[in-house]
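Undergrad: Below you will find the structure I want to go over with you.
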Amino acid sequence: MTDQFIGSLLPLFVAVPLLFAGLSVILRRRVMDRILIIAVPVLVLAAAVALMVHHRDAPVLASAIGSFEGGIAIPFVSDTLTAVMLATTGLATAASCWFLTASGEDRLRFVPALALMLMSGVNGALLTGDLFNLFVFVEVMLLPSYALIAVTGTWRRLGITRMFVIVNLVTSAILVMGVGLVYGSAGTVNLAALAGLAGEDPQVALAVTVVMLALAIKAGVVPVHGWMPRAYPGTSAGIMALFSALHTKVALYAIFRIYFTTFGPGNSAGTAEATVTTPALHGTATTVAVVIAVVVLATMVLGALGSLGENRFRGVMAFQMIAGVGHILIGVAIASPAAVAAGLFYLIHHVVTMASLLTTAGAVEQTYGTGILGKLSGLLHRDRLAAVVVALGLLSLAGLPPTSGLWAKLGLALSVVGPEGGGGNPAWYAPVFLTAIVLASVATLVALQRLWGKSFAGEPLRMYRPVLADGSRDRGPEEALPDSVRIPGRLLAPGVVMIGVSVLLFVFAGTLMPFIETAAAGLFETGPYVEAVLGGGIE
């Protein structure tokens, strides 16, 4: 198959989930819904892996809706980075939807259709080649997200998660204003046409910074992170796993793509080796680069420290999500190919690990009626498989073997102290970033030891509050815990599979790294991207 033909298929990543979402609403067949909510993400995952392989020979594929000329058309663009992100989000969506099915939440009104619509928006945001359509697809993501919160939430959850709605409405307003500022200052919102402009024009740099500010709020970056530890644990576990893998990671992907394209070397088709210094430290954007570095450091450390004060399983995970965002954005702060590759590997590791821990936390909550650490103890004696999954997940977050966390943390540390980490960056970057990584790791380890000690270690649990048939918790007095109560295997299965993927990433990291390194290099070598979009790749 020709590159042009494969490029013309890119819109199917958006159209297919949207089509099946519509069929789910129209036909309303229970069995079909249960199949679609898992089969479609698996299909997207398979297609994304095939796309990754194809990009070894074709660095960039591009297509245009309506066949207008480049710069006017709505571009769908894929390179290795896009394909890796499509595969990662597809895997996490499949696991989260699997848990929704196992927990029975897929029976709620329109949940399968809403989940598929959310996936369609995610895929569109990953594939789009211009800022306005990024805004459009982010809104396509948010609309079903609001509905998912409403249909899966209790009254208490709805009260808490209204913050999610308010924050995202405000952030969307900032995003569309930023896009307008970009168009007003540069005359275009096409990313290929914007290549290198922010590094040369202060007005474009300011406009792009507004766009990245909106994305940073969506990602939960310090100091605009306070909403996330309150809003995300207020949703159900399956929805939190879905949002963790999709909302924050799409925002992070967009930050990587926009920053390195607009502040980078421009339309040059040079090699990655020729542009290993921080793009933002050239010309007008030095201040932007330093601000990003400070924000990344604060996000990494404060996220880890915040998890020390949480008394809920998923509350700890919410702060670990924030800390993970900081680690991932080290790639942007250091801005070398090695740092970007390490950040991308950390992103994959974090998606997989959080999906495992959040779905397992949901299994604990659904079985024992609470996720509060003080009301859980001794689960190691009752649910050995759940204990193994959580133990491996906590080791992964702490950066310990035999999980992907070891290579993720080690890769970041090496990228900071390596020769590329210092090129073009202030002298304080390497020691300060390395200290922050160590401090965040120590705080994470202490927080996770506390979580383990209060939930899985200790005396066996004797009292619990049963979960009612409708999924809500019994508000009556606690009852004696029967010995027959165990976490069902169907609830643990998604977490088992995802932590298994983490272990596989530990063993076979070398197989994945060439794709990640190619993805990182593509952010520095923008020539093929620009050529594919503006120079004839779109037909």
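Placement of Cβ uses the backbone N, Cα and C atoms for every residue, glycine included.
From TrEMBL, here are the annotated features:
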- 129-262: domain 'NADH:quinone oxidoreductase/Mrp antiporter transmembrane' (DOMAIN)
- 276-412: domain 'NADH:quinone oxidoreductase/Mrp antiporter transmembrane' (DOMAIN)
- 6-27: transmembrane segment (TRANSMEM)
- 34-53: transmembrane segment (TRANSMEM)
- 73-101: transmembrane segment (TRANSMEM)
- 108-126: transmembrane segment (TRANSMEM)
- 132-151: transmembrane segment (TRANSMEM)
- 163-184: transmembrane segment (TRANSMEM)
- 239-260: transmembrane segment (TRANSMEM)
- 280-305: transmembrane segment (TRANSMEM)
- 344-364: transmembrane segment (TRANSMEM)
- 385-408: transmembrane segment (TRANSMEM)
- 428-448: transmembrane segment (TRANSMEM)
- 491-516: transmembrane segment (TRANSMEM)
Undergrad: Would you mind listing the long-range same-chain contacts of the transmembrane segment (6-27), meaning Cβ under 8 Å and 6+ residues beyond its ends?
TA: 33, 36, 40, 43-44, 47-48, 51, 54, 58, 61-63, 65, 76-78, 86, 110, 112-114, 116-117, 119-120, 123-124, 126-127, 137, 537-538
Undergrad: Residues sitting near the transmembrane segment (163-184): Cβ under 8 Å, six or more positions beyond its termini, same chain?
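TA: Distant contacts of the transmembrane segment (163-184): 131-132, 134-135, 138-139, 142, 145-146, 149, 194, 204, 206-208, 210-215, 217-218, 227, 230-232, 234-235.
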Undergrad: By Cβ distance under 8 Å, which residues at least 6 away from the ends of the transmembrane segment (34-53) in the same chain are close to it?
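TA: The answer is 6, 12-13, 16-17, 20, 23-24, 61, 78, 80, 82-84, 86-87, 90-91, 93-94, 97-98, 100-101, 106, 111-112, 115-116, 119, 123, 515.
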Undergrad: Would the transmembrane segment (108-126) count as touching the transmembrane segment (239-260), i.e. at least 3 C-beta pairs under 8 angstroms with sequence separation of 6+?
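TA: Contact between the transmembrane segment (108-126) and the transmembrane segment (239-260): present, because at least 3 Cβ pairs are under 8 Å.
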Undergrad: Look over the recorded stretches 108-126, 132-151, 344-364, 428-448 and say which has the most C-beta pairs under 8 A to the transmembrane segment (385-408).
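TA: Selected stretch: 344-364, with the most Cβ pairs under 8 Å.
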Undergrad: Per DSSP, what is the helix/strand/coil residue tally across the domain 'NADH:quinone oxidoreductase/Mrp antiporter transmembrane' (129-262)?
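TA: Reading the DSSP string over the domain 'NADH:quinone oxidoreductase/Mrp antiporter transmembrane' (129-262) gives 105 helix, 2 strand, 27 coil.
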Undergrad: Are there residues at least 6 beyond the ends of the transmembrane segment (108-126) whose Cβ is under 8 Å from a Cβ of it, and what are they?
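TA: Non-local partners: 13-15, 17-18, 20-22, 24-25, 33-34, 36-37, 40-41, 44, 82, 85-86, 89-90, 93, 96-97, 100, 133-134, 136-145, 147-148, 151-152, 242, 246, 250, 253-254.
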